[in-house]
Amino acid sequence: MELPQMPELVGLSLLVGLLALVATAAVARGWLRAEEDKISQPVCQKVNEAKNSGSKKQKQNQRIRKEKPQQHSFSHRLLAAALKSHSGNISCMDFSSNGKYLATCADDRTVRIWSTKDFLQREHRSMRANVELDHATLVRFSPDCRAFIVWLANGDTLRVFKMAKREDGGFTFTATPQDFPKKHKASIINIGIADTGKFIMTASSDTTILIWNLKGQVLSTINTNQMNNTYAVISPCSRFVGSCGFTPDVKVWEVCFGKKGEFQEVQRAFELKGHSASVHSFAFSNDSRRMASVSKDGTWKLWDTDVEYKKQQDPYLLRTGRFEEASSMPCRLALSPDTHVLALATGTSIHLFNTRRGEKEECFECVHGECIADLTFDTTGRFLASCGDRAVRLFHNTPGHRAVVEEMQGLLKRASSESTRQRLQQQLAQAQEALKNLGALKK
């Protein structure tokens, strides 16, 4: 038997060894790639997750921007103007006693002061006062129009802002260093400053009304005994404070001061009795000799309050009108300065009544994007203002012009002197011209 030659064995061994080495290197390289893939996979996942989360956030932000509420649009032939500068919902308005300014407050942490002479202009400029670290829910001008007070939503107290006139005609607003002390235990429904400047009123939703002096000291506490208060206000003559609530009446107190201006007492004056259910709201006329009220019984009433209440004389009921919407929804009320027009608001709609005839004359529907928060006439009675979203809407008071026409026509028939007739004819012509310009003159 012959054995293979030595050189051939050596070559075969080298070939086998080389193949084994190549195979080992290939296996090793595959294992290293597998390990690298395992290590890099979580990193890739994190990067992808970050990208995905970033894109999700962008989509969410885009969605939020898309879902941001748009300014409510409203048009009507009697709409005089829309005041749009607030970025939050407006909760309260107040006209200054001199009729030059309108103050509005919103949850955007600002109070804005508007010039009434710009109402019929294209641009409506306003001056802004910032409410630091809080926002105002109620605002009222001081009688001299050099300051205003606000109720703070989070602070639950009154803050006073002083108004200093600048050379350019604007104002600088400065909050006083100290807010009023906290005294109320329930939410506030209204505040007010007497036109005499002698006292401030705050009313809460329980049964409490506080009378303050201007330095923040409580002069008197009134318990209305009405289960709860829904509204309270100071009369324009500054003698009275009235309230309404769960009971079917309106209670009125007199705030008494001495001859030297010192506070004496708060005493019961009179009540408006005649409703059969709780009273939503009420208002005084400009001279405080008339009052209007609206109730859950579905009626509104006009009263003569020029009575000798100290001799136990009760107010006289002048007229009752139907307003069924008040029986199922909260209702706000505004009485024109001359008492000729009554404005009632429920939800987002406003209804205007002629108080001489008790008839509804105008109705504005879907005025605001939210429920109407406040309703008031300007000091002249030409405009009715409402708020409920980020805008104040001003309406021409056509029922007021019509009421003047009716009143002047009646007085002309009884006028005896020529000078009186000329004066009445001039007022009649002015009212008719105003209605004609608004396209509301009845033929």
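Quick reminder: no glycine exception, Cβ is built from N, Cα and C everywhere.
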Which range of 106-133, 302-329, 414-441 is coiled coil, per TrEMBL: 414-441
Other parts of the chain folded back onto the repeat 'WD' (181-215), taken as Cβ under 8 Å at six or more residues beyond its ends: 97, 137-138, 140-144, 149, 151, 155-158, 221-234, 236-238, 241, 243, 245, 255, 257, 261, 263, 266
Outside the coiled coil (414-441), six or more residues from its ends: residues with CB under 8 Å to it: 77-78, 396, 398, 401-402, 404-405, 408
The repeat 'WD' (83-115) - residue tally per DSSP class, helix then strand then coil: 0 helix, 19 strand, 14 coil
Mean of pLDDT values spanning the repeat 'WD' (83-115): 96
